[in-house]
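Here is the structure we will look at.
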Amino acid sequence: MAFVDQATIEMKAGNGGDGIISFRHEKFVPLGGPFGGDGGKGGDIYFIVDEGLRTLMDFRYNRHFRAKHGEKGGTKGMTGASADDLYVKVPAGTIISNADTNQQIVDLTENGKKFLIAHGGRGGRGNMRFATPSNPAPEISENGEPGETLKVKLELRVLADVGLVGFPSAGKSTFLSVVTAARPKIAAYHFTTIDPNLGMVQLPDGRDFTIADLPGLIKGASKGVGLGFEFLRHVERTRVLLHMIDMSEESGLGIKPFEAYLQINQELKSYDPRLLDRPMIIVATKMDLPSSKANLEDFKQELANRQINMPIVEISSVTQTGTKQLLLKVADLLDKTPRMIERKEEQSTDDRLYEFKDDHQSTDFQIEHEGDDWIIVSERISKLAKMTNKTTDESLRRFARQLRSFGVDDKLREAGAKDGDMVYIDGADFAFEFEE
């Protein structure tokens, strides 16, 4: 089963409930007047970080999320019930972007963090709200405001203290299964790990930390070869790297350990040079095999020849030799490693990196001409058309006045529209009548 760390979903917040037209019909109230209430607010949609989630697998088959609509208003001026908000759960480390522009909206790294992604529409006003001294009994009401619609891209980057890097079959999955309660799939082929696996290490002295066994890296990963981009996205989120190198001759990769070390570092550098600034420990794996000791000596000599001073820990996950020593060394390194990277990422969760453009407030519009028909293109005018109660003449006349105030009539006349031509706004048709 392939790891799902990206998904594109569509979200539709709830529409506001419709306002209603109603009048008082009570004994001893001869001039009862308007009595129609407002509609309730539509449901908002939030993202919320759930610490129990580890992947975006839930979004493979569920890609459409719709909040409920508000209830319509009632008589006696009663406001309709507002709809419940919809909460969409995502794992920590999820980055939300606009799918159409690829602009980042928010980076969710903190458990329990919630973020409002789509606003529900306000309730339409009932006829009580339109009463004036000159029109004390209006037959005007509004439909509910449409809820926001948005297509977003989700991208998960694993959050862990320690990341295991190395070629496939370097022993990362076996190591993780030995030192944590994680149970990754393990096999003797070169793409052992497809899914990032997280495990928690708990030491006898009370210290603990998380380890991520990430998809195996191959040459060309920084250019997207194999699982490269997926792997490197996750590496960005780790504080300490364990560079796992198979010291045996049974990996089947056909390259020496030092060459493997150089290739992995080159891929990390090509993707982001800052990755090589992370604290790193070289882990010599499979030291229980016959050829490993000699290969390790050659490896150390290559490091010395290039004046590379890097800590090395020898382990065998099969015999569990050296694993405790390695974990203590990692814990000590984490204690000394500033948490600047994490703080920077957490700070970004409080900053709105993307500003929603509210086209509904702009009075700009475009006019398109097809034969004797005219089409008005405008976010705000389309919204007003949706909110117009087209069952009453007064509501339609109010909408016509709004169009004139935006200059639509004048622009249509300038463009050549004649009385009786059909004007289409958001699928609804109106006969054009120019008023002097």
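Including glycine, each Cβ sits where the backbone N, Cα and C put it.
What you see is a predicted model, and the numbers here were worked out from it, not measured in a lab.
For reference, Swiss-Prot has these:
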- 166-173, 191-195, 213-216, 285-288, 316-318: GTP binding site (BINDING)
- S173, T193: Mg(2+) binding site (BINDING)
- 1-159: domain 'Obg' (DOMAIN)
- 160-335: domain 'OBG-type G' (DOMAIN)
- 357-436: domain 'OCT' (DOMAIN)
| field | Cβ packing number for S169 (GTP binding site), 10 Å threshold | value | 25
| message | Can you check which residue among the binding-site residues G166, K172, S173, K286, S316 has the largest number of Cβ atoms within 10 Å of its own? | response | K172
| task | For S169 (GTP binding site), name the DSSP secondary structure in the helix/strand/coil scheme. | result | coil
| request: Using DSSP, break the domain 'OCT' (357-436) down into helix, strand and coil residues and give each count. | output: 33 helix, 19 strand, 28 coil
